[in-house]
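Features of the protein shown, as given by TrEMBL:
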- 12-29: transmembrane segment (TRANSMEM)
- 41-58: transmembrane segment (TRANSMEM)
- 70-92: transmembrane segment (TRANSMEM)
- 150-170: transmembrane segment (TRANSMEM)
- 191-210: transmembrane segment (TRANSMEM)
- 222-243: transmembrane segment (TRANSMEM)
- 255-278: transmembrane segment (TRANSMEM)
- 284-306: transmembrane segment (TRANSMEM)
Amino acid sequence: MGLLERLRKDWFIAGIVLVIAAARLEPAVGVKGGPLKPEITITYIAVSAIFFNSGLSLKTEELTSALMHVKLHLFVQIFTLAFFPTAIWLFLQLLSITPINEWLLKGLQTVGCMPPPVSSAVILTKAVGGNEGIVVTPLLLLLFLGSSSSVPFTSIFSQLFMTVVVPLIIGQIVRRYIRDWLERKKPPFGAISSCVLLMIIYTTFCDTFANPNIDLDKFSLIVIVFIIFSVQMSFMFLTFLFSTRNDSGFTPADTVAIIFCSTHKSLTLGIPMLKIVFAGYEHLSLISVPLLIYHPAQILLGSLLVPTIKSWMVSRQKALKLTRQPKVPVKV
């Protein structure tokens, strides 16, 4: 397959390359206060659009079924909020004797403690064709758990409630009235979500490239980038192994949701949390660097793996379907 044909087929990957290049050339366009106004277009409009799109495309019975999938929710929450930070802490004990900037290492530990993402896992799961309802419900559980938090955190969760839960519910209500039209026309929900994701990638990289307060040595930065990609790949492979065991009880579509939801970390929740927890710290910008790298890295890596994971899921579903078909007795 030629390069042009490949780009036409994987237009999303080509789009990622283009938006990253654009962000590097002119980062001021996509930063806070810039022409795109990401503090409004991304924080409110784009995220709300993603979950309205999810509410519109998700069948109500699928969402209800996902809420009842207790085993999967326990797996995601335990992996994200217990195993992930513990594994990172143990790994950092080894790295503490290296010349890597100590504040970057502290930032890497905070990344491990972050909750699941608000939008990227939903979009990537939808792009693959996985169990999108399973990805949405841990986020809803997280929001309701956060409703009893302290005042600063309550304000964060209240904002997320308005940009996540409300659009999702509105989408479900609208779906009830236009269900027949949606099933007949089959709108490109996946393509719409992918376009929104490209916009999020662009503004995220603009923030990273335009940050003037980040002053660190190249060695530490390169090592942190390598560690972040290695951690993501390792944990994605680990969740894949756990969720595809014969006795796991998870479907291929569930596995896709687990891979993205368990290993991704939220920049939307993360940055406000860091500003609250480390308020007044002179090294706050350095502590924020790993999260600023982790967020675009998880989207970039996940997007590049979408074709591979989708191919695996489709072939696995076909294989399972064949094994479940009753065997026709051979006449002698």
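The backbone N, Cα and C atoms fix where each Cβ goes, and this holds for glycine too.
Unlike curated records, TrEMBL annotations are generated automatically.
For the transmembrane segment (284-306), the partner stretch with the most Cβ pairs below 8 Å, chosen from 41-58, 70-92, 191-210, 222-243, is 222-243.
Scored by C-beta pairs under 8 angstroms, the transmembrane segment (70-92) has its highest count with 222-243, from the stretches 41-58, 191-210, 222-243.
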